[in-house]
Structure formats: C-alpha cells, structure tokens
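Trainee: Here's the feature list from TrEMBL:
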type	residues	note
TRANSMEM	B:56-79	transmembrane segment
TRANSMEM	B:91-113	transmembrane segment
TRANSMEM	B:143-161	transmembrane segment
TRANSMEM	B:192-211	transmembrane segment
TRANSMEM	B:227-253	transmembrane segment
TRANSMEM	B:265-287	transmembrane segment
Amino acid sequence: MEKVLELKGITKRFPGLVANDNISFDALRGEVHALVGENGAGKSTLMKIITGLYQPDEGEMFLKGEKVKINGPRDAIAKGIGMVHQHFMLINRFNVVQNIILGYENSPGGVIDFDKAKKKVEELCELYDFKLDLNAQVGDLSVGHQQRVEILKVLYRGAEILILDEPTAVLTPQEVKELFVNLRKLKQEGKTILFISHKLDEVLEISDRITVLRRGKVIGTVKASETSKKQLAEMMVGRPVLFRLEKPIVKTGDVILEVRNLKVKGSIDRHQLNNLSLSIRAGEIYGIAGVEGNGQRELVEAIMGLLPYDGGEILIKGKSNKGLDTRAIRETGVGYIPEDRHQRGLVLPMTVWENMVLGLERKPEYSRWWKLFRDKIKSLTSKKVEEFDIRLGSIELAIRNLSGGNQQKVILARELSYEPDLIIAAQPVRGLDIGAIEFVHKKLIEARNNGKAVLLISADLEEVLSLSDRVGIMYNGEIVKEFVPGELELEEIGQYMLGAHKEVGVG
Amino acid sequence: MGDIMEMLASALRMTIPVLITALGAIFSERSGVTNIGLEGMMMTGAFWGAYGALHYGPVGGFLLAIAMGMLVALIHAVVTVTYRVDQIVSGVAINILAYGLARFFSIALFGMATTSPSVEGLPKIDIPVLKNISVLKPIATDISPIIILGILLVFVTYWVLEKTVFGLRLKAVGENPLAADTLGVKVIPYRYIGVIISGAFAGLAGAYLSIEHTHMYVEGMTQGKGFIALAAMIFGNWMPYGSFWASFLFGFAEAISMRVVQSKVVPYQFIKMIPYVLTLLVLAGVVRKAQPPASVGIPYSREGD
C-alpha cells in the first residue's frame with residue numbers, strides 16, 4: 001500500500017528537554033495507525049510538528065513520497081492533513097454548519113451562502129454515515145456529536161490524513177463504539193487515520209499498526225494483530241506493568257470519617273444529598289461507585305467545607321466540621337485531591353515549587369511572618385520531584401507547562417506531605433496515562449497501608465472495585481448499597497448505579 | 001399624541017449617540033476586546049468633529065471625527081492585542097488620555113479650554129412618505145441625517161455579523177481564538193479591525209453630539225454616554241437589535257429626565273440621575289443572564305502564555 005505520510009529523523013528540542021528525538025515512522029492509505037505513549041512521551045509535540053504548529057529542529061517529512069515543509073495549520077489542511085483535537089476546537093455559540101465552514105467559507109464577495117454550505121455538509125454526512133443535527137448549536141450537542149463536527153470539519157476541507165488526539169478520552173463506551181464505526185468507514189474510503197491514545201484496549205481494537213513512543217523516542221512499530229496489551233504497556237513504560245494491584249490485608253483502626261444523614265438541598269448547579277451516611281476507618285479505602293452527577297461532588301464539597309449542608313453531620317476524627325472553613329478542615333488532617341485539578345488543585349501560572357506549598361505556606365517550616373523560606377521550599381520540592389518521579393525541566397516552570405500526570409503528582413505529593421489521616425481523592429486518575437495511574441494507585445494503597453482512611457470517588461467502576469476495601473454505590477444523592485468488592489456481580493452493581501434497585505444503605 | 005411624538009423624537013435624538021457607539025462596541029467585543037475606552041473615543045470624536053466642521057463643513061467634521069476615533073482605537077488595539085495589556089487598564093488610560101488631549105487641542109486650536117465656537121450642522125431632512133402622516137410629523141421631519149444613518153447601521157451591523165465571512169470570522173475570534181487560529185483565521189487582524197470599527201463608530205457618535213446636537217464642542221459633553229453605550233450593548237446581549245432597544249431605553253430615560261427638569265417638580269439633580277441609575281439597575285439585573293462572547297477580555301497568543 002501507498003505510504004501517505006512518512007517522517008524521517010524528526011527531532012525537536014525545548015529548553016531543558018528533547019521532546020522528539022530522531023522520530024521516524026510512516027502511515028499508509030486506508031490505515032489506522034496508533035501512536036501510543038505516556039503523557040510527556042512526545043506525542044503532542046510530534047502532532048504539532050505534523051500540523052505545522054512547530055517546526056522540527058532536524059528531520060524531514062514526506063507526503064506521498066514528496067518532501068514537504070508544513071508552515072502552519074492552514075498549510076497542513078491545504079496539504080490534506082486534518083487535526084481533530086482532544087479539546088475540541090469548536091465555537092459553542094455557532095451552529096454545526098457555521099463551525100464546519102469557518103475559515104473555509106469559499107465565498108467570493110464575502111457573503112456566505114449558508115444553504116449551499118449546509119447542502120455540502122449534508123452530502124458529507126451521508127457519505128460517511130454521520131448522524132448529526134446540522135441546525136443545532138454546537139454547545140448543545142453531546143460530546144460524541146461534537147466530535148463528529150470536528151471530524152466533519154477536517155473532511156470538509158478535503159483531509160486525507162486525519163489525526164485524532166485522544167478521541168475516546170471524553171466519550172462514553174457507547175459513543176466510543178459509534179466513533180469506531182465512523183472510523184472504519186473512513187478507512188474504507190481510503191483515509192489515513194493517526195490515532196493517538198494511551199487506552200490500550202481501544203488501540204488494539206481499532207488500529208492496524210501501533211507505534212510506541214517513550215521519552216521522545218520511537219520504541220517500535222508493531223502490528224495490532226501481533227501484539228498484546230501487556231507487551232504494549234511494557235514498551236510504553238519501559239518495565240513490566242502490573243494491571244492487578246497488590247493489596248495486603250491491614251487491620252482497620254478507629255473511625256476517621258463519619259457522615260450521618262447528610263442533607264443538601266438541590267438547586268440548578270448542585271445535586272441534592274438525601275440522608276447520606278457512611279463511615280471510613282483508618283486503614284481503609286472506601287470507594288464511591290456511581291454515574292457522575294449523582295451527588296458525589298456535593299458530598300466531597302460538604303466534607304471539605306466548600307458547600308454548606310442543610311442537615312446531618314460530618315465528623316472527622318470525631319469532631320464535627322460544621323462551621324469550619326476549608327483551611328481549618330485541612331488542618332485537622334484531611335488531604336484533598338480535587339476532581340478538577342486546574343480549577344481547584346493548582347494555580348496554573350504559578351511555578352511548581354509555589355504550587356507545592358499551596359495551602360501549607362503558613363506552616364512554621366515554610367514561613368515566618370511575611371517571609372517565605374524559598375530555599376527550604378525549593379529543596380523540599382526538589383526532593384518531592386525525585387520521590388514522586390515528576391518529570392519537568394525545572395521547578396521554576398509555571399505548572400501549566402507540565403503534563404496532566406505530572407501535575408497530579410505535584411498535588412499528590414503536596415497533599416500527602418503533611419501526613420493527613422483522611423485523604424479525599426476525587427477522580428484521582430482522570431486523564432492520566434498508565435504509568436501515572438499505576439503510581440497514583442500505589443500511593444493511595446500505601447497511604448491506606450500506613451493507616452490512613454481514604455475516600456475514593458471515581459467514575460471508573462473498575463478502578464473503584466480494584467482499589468476499595470468497601471464500596472458504596474451512590475444514586476440520586478444517596479448511598480443505595482454498600483458491599484465488599486467481589487460480593488456483587490458487575491451487572492448487579494450496574495443496576496444499583498442506574499437506580500433499578502432501591503435499598504437504604506447500611507451506614 | 002403630539003406630545004408623545006415630541007417625546008419620542010427627543011428620545012430618538014438621545015438614543016442615536018448611545019446606539020452608534022454601542023453598535024461599534026459590538027464589533028470590538030465580539031472580536032474579543034473589551035473597549036471601556038469608548039467614552040474617550042466619543043470625546044475625541046466630539047472635539048475633532050467640531051474642529052473639522054468649523055474648517056471644512058459638517059461632512060468634513062464627521063470624517064475627521066471618524067478618523068480620529070479610529071486613531072485612538074488603534075492605540076487601544078496595539079496595546080491590548082499586540083502587547084496584551086489588560087484591556088480594562090488600557091481602556092481607562094484611553095479615557096484619561098482622550099480627556100487630556102481634547103483640552104490640550106482645545107486651547108491650542110480654539111484658544112479656549114472647554115468650548116469651541118459654534119458650528120454648522122448637516123442640513124436637516126424629512127423622511128419621504130412618513131412626513132405626510134401628521135401624527136408622525138415630529139419624528140419624520142426636520143431630523144438629522146445621522147439619525148437615519150444610525151438606524152441603518154443597526155441593520156448593516158446585523159447583516160455583517162450574520163451573513164458575511166468577515167462577521168463569522170470576527171465572532172469566531174471572540175468566542176474561541178485558538179479554534180479560529182487552528183482553522184487559519186488570523187486572530188490579530190480581526191481583533192484590530194473590530195477595535196478600530198468601534199473607534200470609528202464612537203467617533204461618529206461623538207461628532208453627532210457636537211455637530212448636530214449642540215452645534216459646538218463642550219468639554220465633558222459625552223457625559224458618560226460611552227459607558228452607557230457599553231451597558232446598552234451588554235443589555236442587548238451583544239446583538240445589534242438588542243442594543244438598539246437598550247439604547248432606546250436609555251435615550252428615553254434621558255428624554256424624560258430633560259422634560260422633568262424643565263417642570264421643576266423634583267430637584268433636577270435627581271432627575272438627571274435617571275439614565276445612570278437605570279444603567280446600574282440594568283447591569284445588576286440583566287447581566288447575569290447575558291451571554292458575552294466566550295473569550296472577551298482575554299488576550300490571545302499562540303503559545304498560551
């Protein structure tokens with residue numbers, strides 16, 4: 001088959017690191033070629049080079065055998081390379097057609113013929129089996145449909161090579177299935193798809209060939225039919241990866257967190273909590289399973305003093321948290337890994353070391369009166385960077401320059417550094433790659449083994465079941481069922497999660 | 001009935017400067033640049049409008065005012081778009097600068113710090129057909145052509161924003177500049193043009209005040225209308241038709257306040273407050289529901305820092 005895209009010896013350096021180191025690979029017509037690698041392996045940089053956002057320091061790029069230089073996204077698309085970004089590049093207030101034609105209006109005289117444009121989009125939808133309401137405002141569409149708009153956008157511009165950056169990260173399992181149907185259809189029509197992901201099961205399902213990157217280098221290209229998840233994971237991480245977690249039996253201690261009949265009234269932007277009760281002992285991980293948006297966030301916020309509650313009580317080590325602010329609650333020994341690390345966990349423009357003491361800066365070790373002990377904090381940060389294997393150019397960098405996994409490690413390092421007795425971990429591995437996930441899980445289990453109580457909230461059922469000692473299923477603001485992993489079949493759990501069973505939790 | 005029509009005509013005259021400035025603000029804001037310097041741009045327009053009218057006639061006055069408004073807007077664009085200075089800070093600075101420059105040039109060119117000699121306005125016109133209906137007489141006869149222009153600009157603005165490539169791209173740049181950039185829409189030029197259009201409109205509106213309304217330049221004659229225009233645009237949800245009704249509301253309030261001032265029932269200071277109090281109330285009550293362009297106020301750069 002014809003080589004549509006070929007890279008030879010691409011190298012890109014940034015101050016303090018080599019993001020792409022002598023990368024070579026090729027993609028064929030009608031092929032789904034996956035690029036896998038952990039966060040920071042250099043996938044994003046490589047994509048930015050292919051789409052012309054960055055220029056490589058060394059190396060060559062060929063399209064259909066011809067050497068090319070890509071001068072920017074617009075040049076890339078003119079040469080048939082279309083990028084479908086992980087964070088959608090859509091304009092929520094525009095409708096589907098407006099989004100698709102933007103920048104490619106083809107309107108001599110400057111007046112847009114929307115009817116003609118719509119017709120053209122309709123034809124594309126038909127050709128590739130895309131179901132979509134073209135008049136809808138994009139902001140009102142589901143995530144899966146928004147992704148279709150993104151794909152249509154590049155097809156409308158005549159892309160031959162489609163780059164999909166982590167396309168399944170934001171999709172539900174059902175939407176992933178639908179996406180794969182679309183991708184197979186595109187492949188059939190002779191398009192080439194570069195599929196960037198670190199979800200190995202999906203990569204194995206959809207790709208023809210897989211190229212693995214690690215720390216900026218190509219580790220190898222393998223055929224999907226001739227490899228396994230285990231082999232890929234090892235290539236990615238550079239060592240064997242345990243998919244099962246080792247969890248020794250520990251004797252549980254005192255009740256650390258007790259929630260009794262917690263009540264929060266619902267409103268537009270918060271879910272109600274309805275007589276919610278649970279308790280967690282030292283040396284125990286308590287997992288909350290449940291479809292997102294059933295009150296998990298409100299529970300966490302009530303515990304952390306971010307949301308006032310209307311009834312019931314929350315006892316942390318026997319003391320009520322009522323009336324305490326978040327700082328006081330943290331000082332009673334609560335570590336908090338927030339669901340949205342960009343909103344709550346970090347201050348993105350601030351440096352890594354500043355983020356490392358965020359909220360702890362009043363401790364006598366770190367400051368006196370107005371003076372921050374910078375040297376002390378920086379040396380502590382360097383120590384933590386090593387201990388938590390945080391990959392960065394310098395601790396003076398603004399933290400937004402770090403990958404998600406490394407950002408999360410900073411939060412984890414900070415929250416564990418003051419030895420809290422209770423750890424609230426909300427979606428602790430969301431958006432992270434295998435290596436980072438394994439690391440976070442290991443740290444949480446380590447904390448549990450050391451006699452901490454852990455409250456784990458996750459939308460990923462598998463994660464909850466593998467980590468937790470006990471699990472509470474949350475539905476509509478209540479714990480509808482508590483169980484020990486292994487006690488219930490998956491199907492039964494699913495029914496509780498969807499509210500098919502109604503049973504009051506065993507506090 | 002005649003009184004109501006007189007009142008409407010007066011309201012319309014008050015509406016026009018706010019309306020035109022608000023329409024200009026739409027271009028700037030929808031491209032993603034908050035323009036709090038509208039007041040200063042209006043002031044600039046008022047001053048140079050009077051100067052131009054004095055020397056080159058009313059049309060020359062308007063053209064000079066528009067040009068000077070664009071020039072001041074260009075400063076705002078360079079500072080906020082290219083150098084990514086906080087847009088509010090720049091806007092405030094523009095207002096202070098415009099005030100100072102107006103006074104400086106007033107002394108230099110008119111020999112008086114706060115007023116200009118009186119100037120000739122544009123010839124008044126009648127609206128054909130409507131002028132023959134006796135009820136509509138006050139609003140259809142003997143009016144400034146700028147009033148007609150202002151109302152036409154509402155439709156033009158709508159058409160440009162909704163039907164043209166330029167409008168689509170301008171809005172895209174204000175909603176999600178990164179997305180626009182990746183689609184090959186150049187963010188910086190569109191923001192420059194957006195800001196400069198707002199300067200042109202504000203300059204025109206300012207010149208209307210000096211040339212058409214009072215027939216002279218008076219220091220501080222804009223009386224916060226630039227800010228009211230900004231409020232009207234927000235109240236109008238960043239849309240031309242909405243901004244028209246919002247501007248009309250303010251114009252109406254001002255017309256009322258003038259009437260009541262004449263009646264001397266309530267101390268006039270309180271009556272004079274009506275449009276401003278209304279602005280505050282509207283902003284407090286409505287803004288929560290308004291849907292600003294998603295990226296307004298946020299400077300754009302490719303690397304994200």
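Easy rule for this one: first residue shown is 1, then count along the chain.
Any Cβ shown, glycine's included, is placed from N, Cα and C.
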Trainee: For the transmembrane segment (B:56-79), find every same-chain residue at least 6 residues outside the stretch whose CB is under 8 Å from a CB in it, and list them.
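Mentor: That would be 28, 33, 35, 37, 40-42, 44-50, 85, 90-91, 93-94, 97-98, 119-122, 146, 191-192, 195-204, 206-207, 210-212.
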Trainee: What stretch of B:91-113, B:143-161, B:192-211 shows the most Cβ pairs under 8 Å to the transmembrane segment (B:227-253)?
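Mentor: That would be B:143-161.
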Trainee: Which bits of the chain, at least 6 residues beyond where the transmembrane segment (B:91-113) starts or stops, bring a Cβ under 8 A of a Cβ in it?
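Mentor: For the transmembrane segment (B:91-113), the list is 34-41, 43-44, 46-47, 51, 72, 75-76, 79, 217, 219-220, 226.
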Trainee: By a Cβ-Cβ criterion of under 8 Å, what residues six or more beyond either terminus of the transmembrane segment (B:192-211) are in contact with it?
Mentor: 16-21, 23-33, 35, 38, 41-50, 52-53, 58, 61-62, 65-74, 76-77, 80-81, 116, 119, 121-122, 144, 146, 150, 153, 170, 173-174, 217-218, 221-222, 225-226, 229
